[in-house]
């Protein structure tokens with residue numbers, strides 16, 4: 001597939017390489033791209049259409065929702081439930097699964113998404129994004145249950161994100177087909193392939209972590225960051241740079257483009273809240289881990305490969321360390337050493 005091809009043509013070509021593929025998969029990815037285009041327009045207009053600021057509501061995690069959190073969730077529901085390509089939907093912004101109303105046609109797939117990741121940045125005009133994961137729906141199920149969504153990350157058919165920044169970029173990882181980047185050409189409203197078969201450098205001198213939590217970190221994380229901060233004079237023998245955007249989509253996109261490691265590890269503060277991590281497994285950690293692994297990187301909790309975690313709840317949380325493979329493996333080794 002050549003640079004400059006449209007997302008639609010790429011999907012059609014990719015589907016030919018998938019066993020038991022039908023037009024539903026193409027249709028579903030087209031539905032997602034339509035939703036992302038609409039969200040890109042809302043993000044771009046911001047206060048011009050009254051989209052900035054907080055809504056008078058909280059999501060299931062107890063987090064105050066931004067106006068755009070609510071609106072983008074509605075955009076996804078409208079775009080994804082009209083054409084019969086999915087059987088159900090899970091969103092960060094909804095307590096329970098979204099079941100299609102009768103007599104809607106049910107598709108072969110289930111969608112899990114964070115409609116607007118990093119929304120705390122929206123009021124200050126910092127990049128935000130959409131994250132999505134696609135898994136197969138159980139055969140013969142009229143209305144899927146929450147348990148049907150609880151599949152290992154390795155079972156994802158595809159995953160991706162859309163970054164709303166200076167340009168709008170859709171990154172897609174179809175299982176076994178690598179990672180591709182598509183840039184929205186606003187002149188004619190199409191996502192165009194601009195980078196194909198993206199690979200993350202194995203080594204890096206950049207890390208992204210919220211250092212304000214340093215006093216709460218576990219020893220393996222403390223050791224790793226301490227070594228990085230010692231630079232050339234320390235055991236690593238090289239200087240490192242720190243990055244932190246507080247938007248997972250922006251962090252992962254930077255890593256895909258030039259390498260790095262992103263960390264939101266388990267720490268004492270998170271444990272005190274009775275949580276297993278900060279980021280959501282099913283619609284943040286799993287899809288991003290599939291993307292990173294298909295680009296040659298690694299993704300772990302520090303103790304276990306993320307894609308092999310056994311999920312127990314659609315809003316379950318997990319620690320996340322992902323990015324350049326050699327650094328991720330080093331951090332995992334530090335956890336093993338204790």
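Any Cβ shown, glycine's included, is placed from N, Cα and C.
Taken from Swiss-Prot, the feature Mg(2+) 1 binding site covers 92, 114, 116. The number of other CB atoms found within 10 A of the CB of residue 92 (Mg(2+) 1 binding site), across every protein chain shown, is 25. Residue 92 (Mg(2+) 1 binding site) falls within neither a helix nor a strand when secondary structure is assigned with DSSP, and so counts as coil.
Contacts of residue 117 (Mg(2+) 2 binding site) defined by a Cβ separation under 8 A and a same-chain sequence distance of 6+ are given as 128, 129, 130, 131, 161, 247, 248, 249, 284, in order along the sequence. According to Swiss-Prot, the feature Mg(2+) 2 binding site maps to 114, 117, 284.
Taking all protein chains in view, 13 other C-beta atoms sit within 10 angstroms of the C-beta of residue 210 (substrate binding site). The substrate binding site annotation in Swiss-Prot covers 117, 118, 119, 120, 210.
Cβ neighbour count for residue 284 (Mg(2+) 2 binding site) (all protein chains, 10 Å cutoff from its Cβ): 27. Of the binding-site residues 119, 120, 119 has the largest number of other Cβ atoms within 10 Å of its own Cβ. Within 10 Å of the C-beta atom of residue 118 (substrate binding site) sit 21 other C-beta atoms, taking all shown protein chains into account. Under DSSP, residue 118 (substrate binding site) is assigned to coil, being neither helix nor strand in the three-state scheme.
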